Amino acid sequence: MTDRFTRTKEPYKLAMEENWEALRAYYESDERSFDQMLPMTLSKDTAFHMAVYSGRKSPLEELLDNTDFVHAYMICNAYGNTVLHEAAITGNLEAVKLLIDLRPEMLKLTNNEGETPLFKAAAYGEKEIVKYLVDLPYYRVVEDYFGMSSSDDTSSDLQGKHHMPDIHRTRLDGTSILHAAVQGEHFDTALELLKIDESLGSLEDGNGMTCLQMLSHMSSAFKSGCPMDIRDSIYYCLPTYKVDEGSRRASLTHFHRFIDHFIRWLSRGLGRIKKVRNDKTKHEYALKLAKKLIEKDMSWIQELNVAHDSSRYYRGAGEEEEEEEEKEENNGREKRRRDFESKVVKLLKNIALQFDPKSSQGRGEIQSQEEGEGQSPTSPQGPVVEMGEKKDSKAETPLLLATRHGISEIVKAILQIYPQAVEHCNFKGQNILHVAVKHRRKDIFDTVKKMGIPTFRLSRDIDADGYTILHHAATHDSRGNLRPVPALQLQAELQWFKRAGKRIPSHYVRHVDKRGWTAQKLFEKNHGDQLKQAQRWTKETSQSCSTVAVLVSTVVFAAAYTVPGGTDDKSGLPILLHKSFFLIFTVMDVISLACSLTSVVMFLSILTSPFEYSDFLHSLPRKLTIGFTLLFFSVTTTMFAFASTLVLTVKFGHGRRQWTMILIYVAAFFPVTVFALMQFPLYASFLAISFRKIKKSAAILSTLLNVRKPIRAAILGTSRNIRKVISRPFSRSTSTNWV
């Protein structure tokens, strides 16, 4: 073993340095010709395996010409990979062509996992190699696997109409070649495989999962699963390629080609542009692949079980005690019936023994039966197995998987192709609305809500646990809540709970699940810890912000009596009173003082709040937003006042005393500035939520008060239009628009 690594140490170094000319020269001598077949790595790769990493065919070709062993390139490494496997993995198309020309049957060789070179090429996203291997002359592929000759007229229609040979379709663990391509996020390669064999889309892996189900787990492969900030706005500026019509390059117009070349050139120097560009291309290919798979997917079709199940019907909170009493009465009646039956059976057995005595063994059996009469098949103490109790443990359908992971592209594509799929339920009785509400998928919830009638039907469904969509909104799911602080997170949960409550029938608010919980009680139970965190964070934030506000007010209050430039000894007026910057200083100082004191009052009102759930829905976030706004406005105006003071002091002041005052101002204001800069992202979050509410309120107000037509008519000054507008409120059909 040591001798082998000693003999291959020098060629290993040459291969790692990619010095292929020196490697070829090293093996030229006859005494070293055999060393080419010696493993030089721990994974038992030979020089032929390493040569394909050059990306060219010449190093491998020269090594093959230099050996006298015909089957040297057939040697496998520790993973069972031949040289052709490694060439397919590295994307060395020239080496693949060379090896196929030498030995076409290498296509059928599998490694330790049962993977052919074609399988490995697909798994590593080498689309060009995949296309080459499946487009080989038909006398090598069709004749071997399909029994067709190259002269067959139907050979030109091979792609998409025949099954790929089983040796290429799956490996030993059941993973198909399409699964391998999807796992590596090589969606362009997966599309190419579907063109070759459409039946690959219906294959399942070792876990019983199809490619569409796997794709429904991969939220990062779609735009909806990739949160973007302002730096990624270039995503929307990049051209959209038509990946469904031939090659991507053929679908571009001349202008788009120019833009594409420009972006390629620009992305060489800017790594972020290149990353965004690659992400957008990946998203487009993933969506196209999903649509192709959805066309053949019928997993949403099912037979609904309409048997009576009490959990799927409304139960009010007041009905729970009545149901318990009725249940106890039924249990008592059933127990008395069983006791009477057992006594009758015992009496009949005794009568039978009087006329036909049994052996002692029979008497023993009867006695044992009498002793065990309490464990009859109808006894509730024994194990009772009811039909239909066993639940389907199969993985969920792509529709509900995509809903769970928030992949709205797949959900919209399924509902567009198969609108009836919206009524699909899983084995727990949960429909798409249940899953969307449970996992806080707002986009999917809005998509279903726009469908109208299906939303009304789905909102009435109750799952196997007795949960309505309001119960699912009451569960705690932090994955769909991306707000930065506990108070905003709790507000988002409350808003989501309120939003779900608007979609259900009014009497469903009192519905209880199998454990007797209403949605309101379930929400309070699941969000108790979050409420404590929000309370603690709000108190600490209000205390720290009020401290800073007091500090700012102290600074600006002192600055009002320490005017820049000093005062006149005779008149007592500021010396720089008539300077324009002095006016700026005065106004900014007064505004800063007013804002800082008002923010102190606002934060103190927060500290005296009861901190209940209802307070975190509107009151506390609104007060925090106002307090932050006033605080940052006071800090901003203080900075303007400070800048005016510096200008007045430097431009019109004299002496060392002025510079001393400047240093004092800087030392006093520096901590406040640092605090403001550190807290600004938090303030931006509150401000963004407030603007979103204002925008929504404005849209509602604009809808309710549609005054555009009267104003337009008044501006035009046409009496006829004005008469029409005035007369419309008296019309019943248009009177509601004025409400």
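Note: Cβ is positioned from N, Cα and C throughout, glycine not excepted.
Feature annotations, courtesy of TrEMBL:
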- 319-328: compositional bias 'Acidic residues' (COMPBIAS)
- 314-336: region 'Disordered' (REGION)
- 358-393: region 'Disordered' (REGION)
- 79-101: repeat 'ANK' (REPEAT)
- 113-135: repeat 'ANK' (REPEAT)
- 545-563: transmembrane segment (TRANSMEM)
- 583-607: transmembrane segment (TRANSMEM)
- 628-650: transmembrane segment (TRANSMEM)
- 662-689: transmembrane segment (TRANSMEM)
> What same-chain residues lie close to the repeat 'ANK' (113-135): Cβ under 8 Å, and 6 or more beyond its ends?
Replying inline: 79-82, 84-85, 87-89, 91, 93, 96-97, 100, 106-107, 141, 159, 167-168, 170-173, 177-178, 180-181, 183-186, 188-190, 192-193, 196
>> With helix taken as DSSP H, G or I, strand as E or B and everything else coil, how many residues of the repeat 'ANK' (79-101) land in each class?
In response: 17 helix, 0 strand, 6 coil
>> Please list the DSSP helix, strand and coil residue counts for the repeat 'ANK' (113-135).
In response: 15 helix, 0 strand, 8 coil
> What mean pLDDT score does the repeat 'ANK' (79-101) have in the model?
Replying inline: 93
